[in-house]
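Take a look at the structure below.
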Amino acid sequence: MKFSEQWLRGWVNPQVSRDELVARLSMAGLEVDSVTPAAGQFSGIVVGEILATEQHPDADKLRVCQVSSGQETFQVVCGAPNARPGIKIPFAMIGAELPGDFKIKKAKLRGVESFGMLCSAAELQISEENDGLLELAADAPVGEDIRTYLSLDDASIEIGLTPNRGDCLSIAGLARDVSALYDTPVTRPVVPAVAAAHDEVRPVEVSAPAACPRYLGRVIRNVDLSKPTPLWMVERLRRSDVRSIDAAVDITNYVMLELGQPMHAFDLAEINGGIRVRMAEEGEKLVLLDGQEVALRADTLVIADHTRALAIAGVMGGEHSGVNTEKTRDLFLESAFFEPISVAGKARSYGLHTDASHRYERGVDSQLAREAMERATQLLLDIVGGEAGPVVEAVSEQHLPQVAPVTLRAERITQMLGMEMDPAQVEQLLNALELTTTKSGEGQWTVSVPSHRFDISLEVDLIEELARLYGYNNLPVRYPQARLAPQGKPETRGDLPTLRRLLVARGYQEAITYSFIDPKLFELFSPGVEPLLLANPISSDMAAMRASLWPGLVKALQHNLNRQQDRVRLFESGLRFVGQLGDLQQQPMIAGVITGSRLPEGWANGRDGVDFFDVKADVEALLGYSGALSDFTFSAGKHPALHPGQTAVIERDGKLVGYLGAIHPELAKALGLDRPVFLFELVLGDVVEGRLPKFSELSKFPETRRDLALIAGRDVASSAVLELIRDNAGEWLTDLRLFDVYQGKGIDPDRKSLAVGLTWQHPSRTLNDDEVNTTLQNILTSLEQRLNTTLRK
């Protein structure tokens, strides 16, 4: 929320400096993000009037102007295209100082003397508009200091509001809080009802009362939209970061900023019959004010006439029914209350974000619509003329928000704030916020909440308000005390921090990505799986809960590659969300992605790129941390996001633990990845669950090693061969490793060669050759019988 300080002080004016006001607002939870002066630093500039102009004798783009300062007439040479007799403009006389320490002196331009300068808005740093002189109102007093006339000793204050404080998205809401903070009265503009000058109405029919419990409309005839918006209103809008468009739009925006009620003005001539507030028809088309055509969904509330949709309710109006300064003569003015849930997320789902949707999503006072209607009507009549008709209202009382009283206990206040608060002070602070308190017992109140404080429904909400007004910085510091009994952790169970350190030691960097992703990205990684969609997403490309950590990691990988980071190794730990709300599983996972060279750049390091076995080694390091690496098996498998020939399924005692492999070529193409990328993802609970190591004394006796060259079927997994060897190698086997795999010349195309090293060591004696040879023969017999694997000849 951005607003003019002077506008706020017109409502409530505590006798404090700007800096003190800003600091107090921030301490009260209305955090001030920025304070921007309304104009640059300048002096000596007054309201001037151009009395006459003539063409410069030696320059086509310059004009010689006679300018009145209210006391004298000066000759000024000006190049602005809109310099003409009769307009009033900022006039910098000789001796004036413009922003940037630019001093005005007598000058001669192409042989003609100039005694001053006529200024644009950009030259005074009022705005960035630099297409001509800043034209002032016709009744601007000539000779008055321009800072005084335009109230430029002002500042734009921007507040970063939390979503629950939608009531402060207006000058009225901010004034209520400032009044309570400083115990200063609010001077609210008097808004009398405008008497009807004619009886023309357009009937209003609401077929979705739960989404729109209140709708007000009024016909205003014979308006003149060619009249300009008053400069004072344009300036207040500008300082609130709202661009002036035309009088009708400016007035509805002004009322929204002032009171907090979004409004809309339709061109009455474009409305066929009456107004219908209904749900859209699936696929119904609407061209919006920004020129974008959207296909509406059936869950979208629209304002329509008897033939077509005119606007997305609470978001944006349609182009064909919008006001036009050249052809619009009659208006239909709308002021309505839409339930936040009916508007929430709709703007983002259509790729929009408007001031109206921003307010309706957070909540608007359900009792404000009529006051806003009368305020906007009066401003329209004052500025563009016209005659107002009667107000037509459609209301469903049963669907309007019902605010229940809240019970507040002194005991709970003390417990949460760490201090006792005087009952009189409690009542005074709450009453200052227009909350009505009634004693309902000893140390207890029943508090009635006004309609504009839709964020207050619980006792803790009231205590938060007390803390805000009392001052968080004034609360005593009381450290909580608790008797804690440390809970022992099983020795067999590891922890996530150690796994994270292990991956960092292996060259990874930790990434933290959003749990919600683009539904299109979800479909790429998990085709055919129904995503869990958010009801109110941050944006349309963050609408699905992730079923894997891979989408976020791959997007982070792309981000790094786009910034010339060729060697990327990222990991993340977090939840994945599988299923729908009824059977949703939130499963802790750990995942990683790698690409680029195997080793960092260095004179002794090669430039080999990473491959499948690099990521497998990283996964084995994680699994080995548990002390139970032998419990895990790797086997060829399939995953829609992984390469069909480079995918491993990881299991533990027959239970799926995770996957690793190269990214699928089609997926890589869809994501624009032109290099090998390898991924892994593991169920965290299975990785950290291990077993205690068993102590065995180091043997003093020599090891015995045998190497076997085996011929196995092409489709026989090496893990199956190793497992069978281990089962038949006896209890003194201390090491078993596969150190070579060969396919090619001298080997049948359907077969492969595996080189395996076996090491035995007895703890109390030396093993003899007969024992080892007997064991080897048992191994070879089992391999031939069960896996058709034989010794290579």
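Every residue, even glycine, has its Cβ placed from backbone N, Cα and C.
Taken straight from Swiss-Prot:
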DOMAIN    39-147  domain 'tRNA-binding'
DOMAIN    401-477  domain 'B5'
BINDING   ASP455, ASP461, GLU464, GLU465  Mg(2+) binding site
DOMAIN    699-792  domain 'FDX-ACB'
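Under DSSP, residues within the domain 'tRNA-binding' (39-147) fall into helix, strand and coil as 2 helix, 48 strand, 59 coil.
There are 23 other Cβ atoms within 10 Å of the Cβ belonging to GLU465 (Mg(2+) binding site). Secondary structure at ASP455 (Mg(2+) binding site), as computed by DSSP, is coil. The least crowded of the binding-site residues ASP455, ASP461, judged by other CB atoms within 10 A of its own CB, is ASP461. Residue counts for the domain 'B5' (401-477) under DSSP, split into helix (H, G, I), strand (E, B) and coil, are 33 helix, 15 strand, 29 coil. For the domain 'tRNA-binding' (39-147), the mean pLDDT of the prediction comes to 90. Each residue of the domain 'FDX-ACB' (699-792) gets a DSSP state, and the totals for helix, strand and coil are 30 helix, 32 strand, 32 coil.
Every protein chain considered, the tally of other Cβ atoms within 10 Å of the Cβ of GLU464 (Mg(2+) binding site) stands at 18.
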